[in-house]
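A quick write-up on the structure given underneath.
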Amino acid sequence: MSNIYIAPSILSADFAKLGEEVAEVERGGADWLHVDVMDGHFVPNLTFGPLVMGAIAPLTKLPLDVHLMIEKPEEYVPAFAQAGAHVITVHAEACVHLHRVIHLIKEHGVKAGVAINPATPVSAVREVLTDLDLVLVMTVNPGFGGQAFIPGTLRKIRELKQLKTELGFDHLRIEVDGGIAAATAPLVVEAGADVLVAGNAVFGRSDRSAAIAELRNSLK
Ligand code: DX5
Ligand code: ZN
């Protein structure tokens, strides 16, 4: 496992054989499994909830990286913690009391992350950075897999990396999500990202191991 984590997003998997899909990326060298939860309100799409995630959890040793694209995420934190989440990430834009939600996640023994949309500045997480394990910089507008990477987000990744260095927060992970493939992975890593979510770039290919290897090789 390198210092750069690859987190395939099951949003792009074949839901009819989810267990096999998860096993395939685990064999293929994934570091985390990214679980995209959408509510049809915060984002214009619906996926799955803690029941489906709880069905996957016993099938894999991969840490489950839960990305909540939902309103009132605090109402679902206990259920996702119970279902086996390793990290729970909530959107800054969805939380009026962000500090409280972060601490709720941690009280459940789960690592806490905050995501920011492309239009949200890094300053939205500045005051809570000390409480976080991860910041997720959205590199597309959330809601769908297979969208094009937004190059303007690189500046925010750099800003966050600089802040992380200045504060000495070595433990803080910088995750990127959306449009990550062999062409964009080196750009985000150069900017400071160390967790790469990849949906289409992994599950859109018949050979998932080769797809993960290609992502890693693009970083050499
Ligand atoms: C987008 C989701 C992403 C998505 C990424 O709203 O949060 O995790 O699955 O998909 P790709 O890698 O295909 O852009
Ligand atoms: Zn995601």
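Each residue, glycine too, has its Cβ placed from N, Cα and C.
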Exercise. Which one of His67, His86 goes with His34, Asp36, Asp177 at the divalent metal cation site, as TrEMBL has it?
Worked result: His67
Exercise. Given that TrEMBL lists His67, Gly143, Phe144, Gly145, Gly146, Asp177, Gly178, Gly179 as binding substrate, which residue among Ser9, Ser218 does it place in the same site?
Worked result: Ser9
Problem set entry | Residues close to substrate site centre defined by Ser9, His67, Gly143, Phe144, Gly145, Gly146, Asp177, Gly178, Gly179, Cβ within 8 Å | Leu11, Asp36, Val140, Pro142, Gln147, Val197, Gly199, Asn200
Exercise. Does DSSP put Ser9 (substrate binding site) in a helix, in a strand, or in coil?
Worked result: strand
Seminar exercise, completed: Across all protein chains shown, the one of the binding-site residues Gly143, Gly145, Gly179 with the most other Cβ atoms within 10 Å of its Cβ is Gly179
Problem set entry | Helix, strand or coil at Gly145 (substrate binding site) [DSSP, three-state] | coil
For this session: Starting from the divalent metal cation site formed by His34, Asp36, His67, Asp177, give every other residue of that chain whose CB sits within 8 Å of the mean position of their CB atoms, in sequence order.
Result: Ala7, Ser9, Leu11, Val35, Asp65, Met69, Thr89, Leu136, Val197, Gly199
Seminar exercise, completed: Across every protein chain in view, the count of C-beta atoms other than its own within 10 A of the C-beta of Ser9 (substrate binding site) is 25
